[in-house]
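Peer 1: Pasting a structure here, questions to come.
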């Protein structure tokens, strides 16, 4: 699509003076780096407030109760619980859309192409978990519950760093890191479901299964309207929440039922859009705005309907959720969960096996696991490096994969529920490990000067298959 130029805009005189500023502001919010910056600012704000005279207010906000009631039905939870078990379901739903897209038509479709990413992800999960477990065994028994913390990669942070690096990072690095993060997150979701679920209520689980079956039936029968999946998704979330399985699993499961086929074929789109366009050009009166031309407005609405019927729900819904999740939900999650009071004597934190285990696993575990498994996969002939990627880039990517902020905080809150001291130590370990991994990875990309031939690509794709430009 051609970029909208100033000459093509309908602007009032005052608007023209601010147009450049507004366009820059819009581009900033479209940038992949913006999500990382927003997430980072939320985490910093939480840390600053938690270590200031306002720390009591921060705790009060986190534990403030919010209730929903309808007749005799009522549900009440703290803000912390609503965020972790409620809002984060949308993040996991978006993650599920990404996973489904990548497995069907993306980088994970062909095993030959995806085998390297899968090997890297396996190494990036096994080694961190093993290193953490080895360190945790020297401490209290409860410390071992955090073995899943260093396994996942924070997609928003890692890709945001690559976006800030610009031409210093090859184009294929973002594609590889994105696919790696998705496989990592698949592993983390499995870990949450299998190892961080305690009491299972089979009746609620059965209702959840029936609801999920109903969502798949809607897909098979050709229902495409969001309202059906919204209602079904809310019911699924409620039953999963009552079953004892973590409620965010409902987001992943609901995403798997989202339709991947449009209502209409591309030939129908071309024919009808051409007809609408011809009528629009024929009836357009240059001396009047579209506000004064109701028939033109109706033609534009027809074009929107035609486009909606020819695009897939999995891509359309992913596009709608992408910015709100990245710029609102994840920063709220970071603000509520990242705040932890630093000890008066910071040197004491190095006596904590949880802190040492998490930080070392996120840095050393990711780097060693991903790099070694990638080297074995390539040298054995089982996999091949993507165009434009050298082993130096793989090593740098392995460092960035150690940035595990969002999912790591999430797993820590599950693993150390009821153990506030261990949870605080884990949070500090996550922050320290993520910062160290980000610094090392960024430095390595800046140092790598060897350029590998990179075959041109028509377009890249980001979350849920959305077109991604160089500005993203």
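A Cβ is built for glycine as well, from the same backbone N, Cα and C atoms used for every other residue.
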Peer 1: In Swiss-Prot, one of 2-22, 65-85, 86-106 is tagged transmembrane segment. Which stretch would that be?
Peer 2: 86-106
Peer 1: Any residues 6+ beyond the ends of the transmembrane segment (428-448) with a Cβ under 8 Å from its own?
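Peer 2: Those are 43, 47, 149-150, 154, 157, 161-162, 165, 168-169, 173, 338, 340, 342, 349, 352, 354-363, 366-367, 390, 392-393, 395-405, 408-409, 412, in sequence order.
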Peer 1: Determine whether the transmembrane segment (146-166) and the transmembrane segment (353-373) share at least three Cβ pairs under 8 Å, counting only pairs 6 or more apart in sequence.
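Peer 2: Per Cβ check, the transmembrane segment (146-166) touches the transmembrane segment (353-373).
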Peer 1: State the non-local partners of the transmembrane segment (116-136) in its own chain: residues 6+ outside its ends, Cβ under 8 Å from one of its Cβ atoms.
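Peer 2: 107-108, 143-144, 146-151, 153, 176, 179-180, 183-184, 187, 353-354, 356-358, 360-362, 364-366, 368-374, 376-378, 382-386, 394, 398, 401.
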Peer 1: Name the range, of those listed as 34-54, 227-247, 324-344, that has the largest tally of Cβ pairs under 8 Å with the transmembrane segment (86-106).
Peer 2: 324-344
